[in-house]
Structures are given as structure tokens and as C-alpha cells.
Amino acid sequence: MLRAPAGSVEQRDEEQEDEAEEELRDGGVPFYVNRGGLPVDEETWERMWRHVARIHPNGEALGKETRGATDLPKIPIPSVPTFQPTTTIPQRLEAIQKYIRELQYNHTGTQFFEIKKSRPLTALMDIAKEMTREALPIKCLEAVILGIYLTNNMPGVERFPLSFQSHFSGNHFHHIVLGVHCGGRFGALGTSRREDLMFKPLEFRTLMDLVQEFEGAYRGYWHTLRKVRIGQYVSHDAHSVEQIEWKHSILDLDKLTKEELRKELERHTRDMRLKIGKPAPPSPTKDRRNSMGSPLRGQGSPIRRISRIERRPSGDKKVLEPKSAAEINGYQIRV
């Protein structure tokens with residue numbers, strides 16, 4: 001066996017999160033990601049059942065019984081929620097959470113939809129559409145992408161990723177939900193094995209109150225919350241080529257006092273508010289995306305000249321010298 005170099009474990013955890021595999025080895029229990037798309041190919045299908053046989057107490061017998069059954073009940077397909085104009089935001093969020101819950105949590109050990117955090121928002125929204133078509137069980141990261149998709153048409157609701165790293169019995173566990181903010185209150189959407197580690201109604205006055213609510217839930221399962229990672233607000237433009245900013249703030253709870261944590265969360269809240277006032281550049285339409293060539297400047301493109309204002313270091317002021325009458329009379333406007 002190859003011995004991992006010191007310090008590589010934490011680095012590997014960060015790389016796994018960057019690849020969106022939040023629970024690739026959650027608490028020492030591995031799980032797989034279906035990278036072949038749907039329908040599931042034969043190799044992935046057989047690997048999934050072998051994994052079930054290993055992790056389930058009656059896995060092998062369960063697999064044979066289930067795969068050989070001919071009278072399995074038909075699983076109902078939940079309907080994507082639709083809303084009337086009079087439906088309030090809290091009611092809409094509850095309906096979205098109900099839909100996520102009806103899809104059920106994925107206990108198979110194989111994540112059906114491959115989600116890479118580095119992909120642009122428009123690509124992730126295409127995956128969310130596929131989730132609604134296939135109606136398969138999902139894990140926590142898939143629920144975040146689905147939550148973003150289902151709230152895109154709610155401009156008054158701001159969404160941001162909120163992830164946790166907890167410690168229990170020598171193992172680290174990762175979890176992520178979709179934080180929501182509307183009308184001066186915070187809440188969350190998501191899915192989890194635990195009832196109190198997913199949905200939170202819009203009733204928390206500050207981000208600190210929301211994080212403490214999750215921390216209390218972790219304590220109820222004898223988990224120690226170690227790190228909280230918070231992203232920026234996600235664009236409402238389903239065709240945006242932006243990437244989601246997953247980790248704008250990384251808070252180490254072992255190194256922060258309660259007051260320091262509160263100040264850091266207040267700072268992050270201010271940062272998120274500032275982003276609202278800075279709209280992203282408009283994404284190209286579908287026709288323009290198909291017809292666009294290389295983004296590099298062509299030979300005939302003009303070279304942008306840096307203005308004097310941009311070149312001048314901050315704090316330096318240009319002294320205006322009075323011009324003579326001859327200079328003023330000789331001034332010409334050039335187009």
C-alpha cells in the first residue's frame with residue numbers, strides 16, 4: 001500500500017469538495033458517482049449492486065430478492081410544484097422542500113447525477129431539469145442544485161451554498177444545504193438522512209442564528225461542528241455562464257470564539273448584499289452562443305487605450321494649468 005504524505009488528507013478533502021463529491025468518503029464510508037449519465041450503463045449498475053451487498057446488513061440477499069422480483073410496487077413520480085401569483089414566498093419554499101423530500105434521499109451508495117462544482121450555472125441547471133424528468137433519489141449536493149433551479153423564478157429570494165464539516169468518532173462528515181434569504185430572514189432547503197439537517201423555514205433573523213440552529217442539530221447527534229463554508233448569492237439567470245462561488249468564507253469553529261464567529265458571519269452577510277448591487281454581465285442568448293467565435297481579439301479589433309484616470313495612482317491629483325486664449329480658440333474636437 002502507498003503511504004499518503006503528511007498533510008495530504010486535508011488537501012484531498014478540499015479536492016473532493018471542489019469536484020462536488022461532498023460525501024465521496026463520508027465518515028469512512030465510500031460511495032460512487034454515476035459518470036456515464038442516464039440510463040445507467042451495465043458496469044455502473046453492477047457496481048452499485050456490489051456496493052449495496054457490501055454496505056447493507058442483508059445486502060447480498062436483498063440484492064438477489066429485489067433484482068429477481070417481478071411484482072415490485074410502482075413508485076409514484078412527484079410533480080414539480082407550480083404556484084399561483086398569490087402564493088407567498090414561505091409557502092413556495094415549503095412546497096419546493098416537499099418536492100425534494102418526495103424524491104427521497106439516495107441510500108444506494110451511488111449518486112445518480114454527476115455534479116462538478118466548476119461547471120457554469122447553465123450546465124448545472126440542465127442537470128436539475130434532468131432530475132425533475134428522472135425523479136430519482138438524490139443526495140445533498142444534488143438537492144442544492146435542484147433547489148437553485150426551482151427558485152430561479154423568485155427574484156426576491158437570494159440563494160447561497162452553506163456547507164458543514166462535522167466530526168464524530170474519529171471521522172469527518174460533510175453536508176451541504178441551500179441557504180435562502182428573503183424579507184430580512186434566513187432559511188434553508190436541502191435533503192439529509194436527518195430530519196433537522198435540511199429544511200429550515202424563513203424565520204432566522206441573522207446568518208448566525210441559522211448556523212447556530214444547524215450546530216444545535218449536530219450536537220443532538222453527538223457530532224462536533226468543525227467548519228462552515230458559505231458561498232455567495234447565486235445568479236437567477238438560468239443561462240448564466242458564471243460559476244457558483246461555493247466557498248467565499250471558510251470558518252474554522254475550533255479557532256473562533258462565538259463573538260468572532262458572529263462578526264465573520266455579519267461580514268459575509270454584507271459581502272452578499274454588495275453582490276446584489278453588482279449584476280453579472282448578461283449571458284449570450286442561445287443563438288448568439290451558437291454563432292460566437294473565438295473570444296480573442298481579431299486583427300481588426302481596436303486596442304483599448306488606458307485612460308489617464310486609470311493610469312494615475314490613487315491619491316494623485318492632476319493640477320490643472322490655465323490655458324491661454326490662443327490655445328482655447330485653437331481647440332478642435334476630433335471624432
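Note that the numbers count up from 1, one per residue, in the order the chain is shown.
In case you wondered, yes, glycine gets a Cβ from its N, Cα and C as well.
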Of 62-83, 84-105, the range TrEMBL labels region 'Disordered': 62-83
Beyond the flanks of the region 'Disordered' (62-83) by at least 6 residues, Cβ under 8 Å: 49, 52-53, 56, 91-92, 95-96, 98-99, 102-103, 132, 135, 150
CYS140 (active site) to SER192 (active site) - Cα separation in whole Å: 6
Helix, strand and coil residues within the region 'Disordered' (62-83) as assigned by DSSP: 7 helix, 0 strand, 15 coil
Length of the line joining the Cα atoms of HIS175 (active site) and SER192 (active site), in Å: 8
